[in-house]
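Novice: Structure below; questions to follow.
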Amino acid sequence: MNDGTEEETVPVMMETSSYSQVVFNDVPPSYPPNTAVTCRYTLTGALEPSTRDWIGIYKVGWISTQKYYTYVWVTPSLDHVGPEPLVLQVVFSVPEPEKRDRGLQHCLKCYCDVNMVVTGKYSILLETEESYLPKDDGEFYQFCYVDSFGHVKGASTPFCFQNPAEASLGCSLEKDLLVITTQEQTEKMEKEKEDFMKEIVSLKETNVILKKELDERLHEICRLRSSIEDLKSKDKPESPLPDVPSFTSTEEQNYAQSLTSLQEKYDRAVQKIHLLKRDRTELQEQLELKNGEVLRLNTLLKETEQNYNKGLDQVKLLQVDVQSSRKDYEKLQTEIQELRMKKTLEDRRAENKALQTSFSEHEAQLKEENCKVQIQALLSQLTEARGLLRSEVQSCKEACKRAETAERELKEVTRKLEEITLKQTEDEKNNQIQAQLQQAQDKIYEMAETSRLDREKLVERNEELQAEVNKLKRALFDYQVASVAVMSDHISNPQSPSASLEQTYSPDSHLYKNIDDLTANPSDPEKQIRVCQHCHEVFPGINEVELEEHEQSHKAQLQQAQDKIYEMAETSRLDREKLVERNEELQAEVNKLKRALFDYQVASVAAMSDQISNPQSPSASLEQTYSPDSHLYDNIDDLTANPSDPEKQIRVCQHCHEVFPGINEVELEEHEQSHKVCPLCTLICDDMEQQEFEDHVYSHED
C-alpha cells in the first residue's frame, strides 16, 4: 500500500543526506609521538572507494589537499558488494632507525604490515606504509579522506601529538572547563533529540492505529456492498412462473419492511463510507504533514549534529588557545619572578652602598681622632731614623779612615816589593820571588776589588737612607700641615746630612785617589795583611786573635739575622692561620646568607601564590644578616673588580645561588640545567626522585 512505501522512504532519505560520506571513528584527542597511529573509518554506501583514494594527516587550517604532512593509500575491498557500511582501518607506522637514517624526504616506503579488520560479514586486509609522523610540536592535526579526484569526502576531529604525562598535566584543567561550558548545550540538544524521537514514535503508533481502523472500515464497506448486491439481485422482478403462487399481503408487508430496513442500512453504510473516506483523507493529509514535520525534524537534527561537530571543533581550538595562553602565563610568571629577584638584588646593592658610605664616614672620623697618635708615632719613627742615619754616617767615616790606612799600607807594601824585586838577582830566587809576587798581586787585586765593592755598597746604602729621610720628611710635613695647631711645639727642621756625605764620598775625595798604587810591594816582614773571610775587609798589622774576634762578631750578626728570619716566618705562619680562620668565618656567613635568601624566596612564592602585590618586609634574620655589623660587606668591592675579565668574572647560579668564579656562560648553563626546578613554584627538587618530583608538580593542579 501507499502508506507502507511512505514509511520505508524516511530512513533512506536520512542516510542519503548524511554530513559526510566517510566517518572517522574513535579519534582520541592526542597520540603519543614516535608510535604507530591507527586510523579507523567507516565508508557509507554512497561512496565507491578507488585504488587512488588516500587518507592524509593535515594540520588544522589547511587550505589545499596538497598541504598534507603524510598520507597512506587506501586499498578498497573487492569482496564488499551492496550499500552496507564498511568499517576499515589504516596504520601510520614509524620507520625503523636504520631506515630513518637514509634521509627520506616525505618518501613513503611500503612494507607488509597486514592488519585484519572484521566488519560484520566482511574481512578486509589492508597494507600500511611507513610514515614520518609529526613530533610533539603543540600543533593540531586531523585525518582527511581524499578521493582520486582530489575531493575531501570526510574529516576527523582535531588531535595532537603529545606525551601522555604532558597531556594529562596540561589539558586536564582545560578539559574540565570546556566540559562545564558545553555541558548545558549538550544536555539541551539531547533533550530535544529525545523529544523528537518520542514524537516520531507516537506518530508512527497513531499511523498504525489509523491504518487498522481504515482496514476495518474497508472490510465493513465490502461486506455491506456484497449484502446490497445480494439484496438488489433479490429485488429484481423475475419472469412469472405459472406454477408460483402470488404473495400474500403479509408477506408483501414483511418484504417491504425488510427492504426498507436494508435500504436504511445501506444509506447509513454509504454515509459511513463517505465519512470514513473523509476521515481517511484528513488522516492522509495529517500523515503527510507529519512526514514533512519528520523530514524537517530530521534536517534540523542533522543541522544540530553539524553544529555540534562544529562546536567540538571550536572546543578543540579553544583547548589549543587555552594551552598556549597557559604557556604564556607560565612564561610571564617566570619573567615576573626574575624581575622581582633583580629588584631585590638592586635593593640589596643600594643598601650595601649606603652601608659602605656610612662605614667610610665612620672610618674618616676614626682617622681624624687617631691623627694625633699617628703623628706622634711618625715623629718617634723619624727620631729613630735620624739616630740610625747618624750611626750609619759614623760607620761610613770609620770605613773611610780604614780605607785611608789601608791605602797607606798598600803604598808602603808596594815600595817594599819594589826593593825586594831589585835585590833578588839569582834565577832560582827570582822564580820563587816572582811566584810570591804573583800571589801577593792577586791578593792585592782581591783587596782592591773588595774595597771597591764596599765603597759601592756604602754609596747605595747612603742613597737609600737619604731617600728614606726625604720620605719621612715629606710625611712629617704632611702631618704637620694637617695638625699645625697641635704639633707646633714639636716641629723641627733637621739639616740634611747629605752634603757632608756627598763631600766625603765625592769623586774628588782622596779616598779613591791612587788606588792603583796599592798593587806594588805585596809583602812586608814587619806588617802582615789579614783579610776577614766573612766581609772580606783588609786588616793590616793585626794578629790572629784580633781577626778571630772580628769574625766572631760576624757570626753573632749572622745568628741574629737567622733569629730574625725565624721570627718573621713564625709571624707569617700566624698571619696565614688568621687568614684561614677569617676565610672560614666568611664561608659560614655566605652559607647563612644563602639560607636567608632561600627563606626569602619561599616567602615570595607563597605571597605570589596568594596574589599579594606588595611583598612583606624581610624577616629579622635577614635584617641581622644585612646589618652594618655583619662581615658580609667586608671587602665587597673585591667581587666587582674587573668584571670584564672572563677569567676573574664571578657568575652565580639563579637556582641555588652558588658562586662560581672563573667559569664561562656554557658551564654555568650546564650547571643550571642539571637542577630539578618546579615550573610552577620554582622550588629546587634536586634531592627528590623522578616520581616524587612529578608528584610534586601534579600536586599544584589539585
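Residue 1 is the first one shown; counting continues down the chain.
Glycine is no exception: its Cβ is also placed from the backbone N, Cα and C atoms.
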Novice: Select from 4-38, 179-213, 634-668 the stretch of residues annotated by TrEMBL as coiled coil.
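Specialist: The listed stretch tagged coiled coil in TrEMBL is 179-213.
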Novice: For the coiled coil entry in TrEMBL, name the matching range from 484-543, 544-603.
Specialist: 544-603
Novice: Please report, as numbers and ranges, the same-chain residues at least 6 past the borders of the domain 'SKICH' (129-161) whose CB is under 8 Å from any CB of it.
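Specialist: Residues 20-24, 27-34, 37, 39, 41, 47, 50, 52-60, 62, 65, 68-74, 92-95, 99, 104, 106, 108-111, 309, 312-313, 316-317, 320, 323-324 contact the domain 'SKICH' (129-161) from elsewhere in the chain.
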Novice: Across the whole of the coiled coil (259-372), what does the mean pLDDT come to? Round it, please.
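Specialist: Taking every residue of the coiled coil (259-372) together, the mean pLDDT is 84.
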